[in-house]
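Positions annotated as transmembrane segment by TrEMBL: B:12-31, B:43-64, B:84-103, B:123-143, B:150-170, B:190-209, B:221-244, B:274-294, B:306-323, B:335-358.
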Amino acid sequence: MIKRHLYRRKRKSKNEEKQAAENGMIARDLQTNLKYFKRLKEHHADLVIRKFKIGGTDKNACVVYMNELVDKQVINNHILKMLMVDWPEAYSTENADSISPAALFDFTHDHILAVNNVKEGQSYSELLLAVLRGSTVLMIDGINTALILDTVNKKKKALGGSFSEVVVRGSNTAFIDTLEDNMALLRQNLVNPDLTFFELNVGRRTQCRVIIAYLNGLANPRLVEEVKNRIRKIDTDQILDSGYLEQFIEDNPLSPFPQLQNTERPDRVIAALNEGRVAILVDGSPYVLIAPVAFWMFLQSPEDYYERWIPGTLIRWLRYLAAFISLFLPSIYIAFTSFHYGLIPTELAISITATREGVPFPAFIEALFMEFAVEILREAGLRLPKTVGQTVSIVGGLVIGESAVRAGIASPIMVIVVAITAICSFAIPQYSAGISLRYLRFAVMSFAALIGLYGLVLFFLLMTIHLVRLESFGYPYLAPAAPVRVQDLKDLLFRAPLFRMKRRPQLLKPEDQVRQRGT
Amino acid sequence: MIQRQKRQLTTIQTAFFTISIILGMGVLTLPRTITEGTQTPDGWISVILAGIIFLVWGRLIILLNRYYPDLTFFQYMPLILGKWLGNLVNLIFILYMILTASYQLRGLSAVTFLYLLPTTPDMVKILIFIFVAIYLINGGIIPIARICEILLPITLIVFAFVLLLSFRVFDPQHIRPVMGLGIEPVLKGTPGAVLAITGFEMMLILNAYMEQKKQAWKVMVASIAIPSVFYIVIYVATIGGLGMDQVLTLAFPTLELLRSYEITGILFERYESFMLAVWIMQIFTTYVGVHYFASLGFSQMTGKNIQYFIYGLAPLHFLISAIPNNLNEVFKLGDIYSCIELFVVLVAVPAALGVAWLKKRLSSSWKK
């Protein structure tokens, strides 16, 4: 857009302007600059150009801003009023001619503008970007520097609770859409001069602000550098959400597993930063990315650490079990009922056969049908308004399950299997990891339907192979299980008491290994 | 990629890798193969004896490795024995690994045919298995070692669990008398036990990839001791559960042991499915290990890309695995490859060690 405007300008304007435009620098002459913005106004109805004379002088000046993005109180009271009404007498009419534009500019900057954040800008693109982001540009005739005044008034939600990662004990504050607030949430809860926010702008057409947060002197510098490099390499129109960014910087786009963690919980991010990981904040997204990740992080909840270690450990085991069931239970059922009746207890086998009597489909089709129904219910429940959604899923689940059994399409045991699977998949604390297991489940089911238990084992091998080959920012995905770091296993097999966790995860090679000293 | 993975294995990885290669078909057949030799229930002593013998040869392997700590067996054999002789030994070693791989494949299809999938064609089972294996082998040595790290603990835990459950059919009378007929039967059983522990010689190759080479001897001890203990437990549990006479008639006595008892009241009555699942995983790691090392051997001998050999060996394994006509011939194949292995370990390694030692002596005396 900028380019096109510049181009048009170049053709029409005079020599001097041409040169300035070629450099993309603003001119000394206010009229020239105004022409540029006026032309913009043809396409930007919300652009405001307010021309005025400074105080009692006949010096021309103007402010340019986007009408809907700014705090008008600031513009009226702290910029326009100061420049027009409260302008000191000493600099008025009689003295005005003797004052050079440069002195006037400095005086304005130093004494007049009661705005907290003032920057200088000299190129059109810079000014335009600032205006588009909600700043106000002040230009004074005779000066080829403009002032960029921070008048941003972002439209945003109030801070709210977490949607997708709720804990019972602990804060439920979640990130919101605005980058500044998210940074504030981190600063506020992690008071540490080492907390570094490194800013990058991503996007060819829309410059989106991306912040890389890490603890200086703790995060491995090579990791930080790698994250920066990968983000710098992104060349795309626009980053709408951190999900865009994630897909551009992940190691293996073909993998079914997420290679960055996304979270809306500040405490999770802070815990990650304290372990030497890197967080990536994207403007406009309430989800912050954490890199690198290990597979197990998706099965952990911050609450594991807030509760005492015994319940923390037990609940963690429960979740591992739930993840296993949600992936394998339907296929185990399929394998045993279609291939290995002999391997299940006789009575159970008899009762399964009895309930399956009259079901016209093989177990695989039956399971596929029921799983499919559950997935649709879940998706429908998700998109509907909250109150309706719950009703739909409960009613749908009950009605479909019950009537499918009555109609003889599915056996009651299959309904139980599918229901347990669904419940277990809800126990996975991270949505994105849950999705992976959900669609992998269908793959296991086909393996089991083809070659039974053997297929299950082969699928397990296939998945494990993929996981050990996968890396997140060069760090092994299955660590600390493979490669084994005995030290780090205490946070995988158990949730060791906090006073036992004296060292940070070794694998990240943090610069400072020790988390706590003493007893 | 920031930190290009160093192609080096941790000590734990090396040990788990070797153990995973050792544990394979032997797990299911061992009680029978040993008892065939001893004809008394003293086989567990044979295992101890075999372990001790191999510790000695393991020590020789470590000593040999020290001459060329950063080279694999395939690379240093031509340096020690000369190009022709060295490469001949390499080829024999590779032949052993190819036969091992084929044996695992055939054993796998035999066991799955008997206990899991009586109707599925062997070809399908083996081909899928090879495809999965190639996916792993293509990743190189690091993912293979990591897989071993994950699968071996699972295997040991599941085996411990199912063998503990078999305690209800355990009858101490079955393993008595200890050394009732003296030492002679024990010695006769030792070859059977020796064959089951083959695989520890992979340290000849793995040593080059170790991060901390000083730990090599520890790894060697662990990778002989842990399988030996594991086998002793299996042997005692199986003989104690089924009795010697019955074991001799069974192709896969360990599995039959699990089929011989039922535990009612829990979800499963029989636990052989658990054992089969983890046993398939162990066969997988053994197969992947030897397939990878055979390809590596060819690649290091010829200097060509390893990919060719990975894909080239797969159909070869498949074809060889189809040669035996029945289960007895399959077990014959096992005996054959074990003999080749014994040749490599018992003859080639000491010979190479002697030559390397002589060369070093000569060159150092030359300097003087």
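A Cβ is built for glycine as well, from the same backbone N, Cα and C atoms used for every other residue.
Only residues 6 or more beyond the boundaries of the transmembrane segment (B:190-209), in the same chain, are considered here, and those with a CB under 8 A from a CB of the stretch are 7-9, 14, 17-18, 21-22, 24, 26, 29-30, 33-37, 43, 46-47, 49-51, 53-54, 57-58, 61-62, 64-65, 69-75, 100, 141, 216, 219-220, 223-224, 227-228, 231, 286, 289, 293, 296-297, 334-335, 337-338, 341-342, 344-345, 349. Stretch with the largest number of CB pairs closer than 8 A to the transmembrane segment (B:335-358), among B:12-31, B:43-64, B:84-103, B:123-143, B:306-323: B:84-103. Distant neighbours of the transmembrane segment (B:12-31): 43, 100, 103-104, 107, 111, 144-146, 148-149, 151-152, 155, 159, 192-193, 195-200, 202-203, 206, 209-210, 215-216, 218-220, 222-223, 226-227, 230-231, 234-235, 238-239, 247, 251-255, 279, 282-283, 285-287, 289-290, 331, 334; these residues of the same chain sit at least 6 beyond its ends, with a Cβ under 8 Å from one of its Cβ atoms. Against the transmembrane segment (B:274-294), stretch B:150-170 has more CB pairs under 8 A than any other of B:43-64, B:84-103, B:123-143, B:150-170, B:221-244. Of the candidate ranges B:43-64, B:84-103, B:123-143, B:150-170, B:306-323, B:43-64 has the most C-beta pairs within less than 8 angstroms of the transmembrane segment (B:221-244). A contact between the transmembrane segment (B:306-323) and the transmembrane segment (B:123-143) is present, since 3 or more of their C-beta pairs, 6 or more residues apart, lie under 8 Å. Beyond its flanks by at least six residues, the transmembrane segment (B:84-103) meets 24-25, 73-74, 77-78, 198, 286-287, 290-291, 293-294, 297-298, 301, 313, 316-318, 320-321, 323, 330, 333-334, 336-337, 340-341, 343-344, 348, 352 of its own chain at Cβ-Cβ distances under 8 Å.
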